[in-house]
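J.: First, the structure itself, so that you have it in front of you.
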Amino acid sequence: MSNEAWLERSRAAVWHPCTQMKRHETLPLIPVARAEGVWLEDFEGRRYLDAVSSWWVNLFGHNHPRMKAALKAQLDELEHVILAGFTHRPVVELSERLGALTGLGHAFYGSDGASAVEIALKMSFHFWQNRGEPGKTRFVSLENSYHGETVGALGVTDVPLFSRTYAPLLQPGLRAPSPDARLAEAGETAADVATRAAQGLEALLEAHASEIAALIVEPLVQGAAGMAMYDPSYLATARRLCDRYRVHLIADEIAVGFGRTGSLFAYQQADILPDFVCLSKGLTGGYLPLSCVLTSDMVYQAFYDDDVTRGFLHSHSYTGNALACRAALEVLDIFASEDVLSANQARAACFSRLLEPVARHPSVRHFRHCGMIWAFDVETDRPDFAQAFFQAMLEEGVLLRPIGRTVYFMPPYILAPEEMQHLAAATLRTLDRLGQTTATVDSGPALP
Ligand SMILES: *Cc1c(COP(=O)(O)O)cnc(C)c1O
């Protein structure tokens, strides 16, 4: 069957995420027939370099031999079993290993990032209930934060495009200033911006700590805000403030975990330990939906009791799915046996060098880089910039999804030098091309 046939059937039967479906009257969907390494291939043999790791989930490329072998082996043993009252090898081994890697020895599982955020918020709230502080019911998040789109997670997400419509349903959180390094005024460093933002956080905690259960942050990079990067000192200060004002610190590592920022987990660059760590996306290398909330003995003990209702009675049907846990174990094995973090340093240095002409392009502002994420803002008056850039890059054989006027690369950790070259050259050509054309249509707000 041709591309055309698949996209028509998909348009008729599949309600696609994060999409105004009417747009697909003119903007074609791309049916993917197969994928290999960093390449997606459609039904007519056209290939696209997956420069966003399939929405930030894929770590080691598509059709990975080790990931496939691990999953096939697990299929022969156990695909899934109820986790209430039962347990199994992959979930035990994964929990032990994540505990050893983070120092947070209690792992609770969900299926998506948003469900991990819900779990962390509920656990934090319930912790304070169990501790006899029922007034601590609110959450603080950063300006421009993104923590997922279920009703609880949307309450701590500061993206009006996603939350405004549902405002009457949401428990609105408090917002602390973003430490986004782009907010630096003349003569200020990224660390100065972090200090300034932390002062705003302190004022908020000072005024409201008795009502606040937790602060939730995306460590080092606010992804959906447009890859807003910030100085690690913010996290160190936030940890001290959370301790001083008796507020939990939740690290939402759903996008930045698993080596994205250069360390296995981003919060590690600030030498801190959060009270909760939320993991998903790269957790299974992009193979299966799984999420996990890690927490401390201190939190765990507040629930450990003869009274059933002091326990955490939350559940999801697929919690701790054996296949997904097996995929996550293989991801950890690959990190260890292939020394992925060191290899990424060399890979990142090479790609950064190749991107120098992009960084110097006259329409590029705030070129920034952290680990395996690169981003820059484009000076343009085209209201349809994100969609125009997306389409122009597709013609170059590259999948990129600009967020507003921010273009970013978040490639799998296997990008080869010739693929980097292709990506850098295609980006430069597209910047030149779009710089010369003028705006015609307003395609509406840009989506991540
Ligand atoms: C993607 C993301 C989420 C939500 O994860 P889903 O699996 O899409 O529900 C939450 N927080 C951050 C930081 C994310 O990037």
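Placed from the backbone N, Cα and C atoms, the Cβ positions cover glycine too.
Since this is a predicted model, take the numbers as computed values, not measurements.
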J.: Quick check: of Trp55, Trp128, Trp374, which does TrEMBL put in the same substrate site as Tyr146, Lys281, Ser315, Arg401?
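T.: When TrEMBL describes the substrate site, the candidate it includes is Trp55.
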J.: Among Asp180, Asp252, Asp381, which residue shares the pyridoxal 5'-phosphate site with Gly113, Ala114, His316, Ser317 according to TrEMBL?
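T.: So the pyridoxal 5'-phosphate site in TrEMBL includes Gly113, Ala114, His316, Ser317 plus, from the candidates Asp180, Asp252, Asp381, Asp252.
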J.: Rounded to an integer, what is the Cα-Cα distance in Å between Asp252 (pyridoxal 5'-phosphate binding site) and Lys281 (substrate binding site)?
T.: 11
J.: Relative to ligand 1, which of the binding-site residues Trp55, Ala114, Ser317, Arg401 have a Cβ found under 6 Å from one of its atoms?
T.: Ala114
J.: Counting across all protein chains shown, how many other Cβ atoms sit within 10 Å of the Cβ of Asp252 (pyridoxal 5'-phosphate binding site)?
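T.: Excluding its own Cβ, Asp252 (pyridoxal 5'-phosphate binding site) sees 32 Cβ atoms within 10 Å.
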J.: CB neighbours of Trp55 (substrate binding site) within 10 A?
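T.: Result for Trp55 (substrate binding site): 15 other Cβ atoms within 10 Å.
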J.: To the nearest whole angstrom, what is the C-alpha distance linking Lys281 (substrate binding site) and Ser317 (pyridoxal 5'-phosphate binding site)?
T.: 19
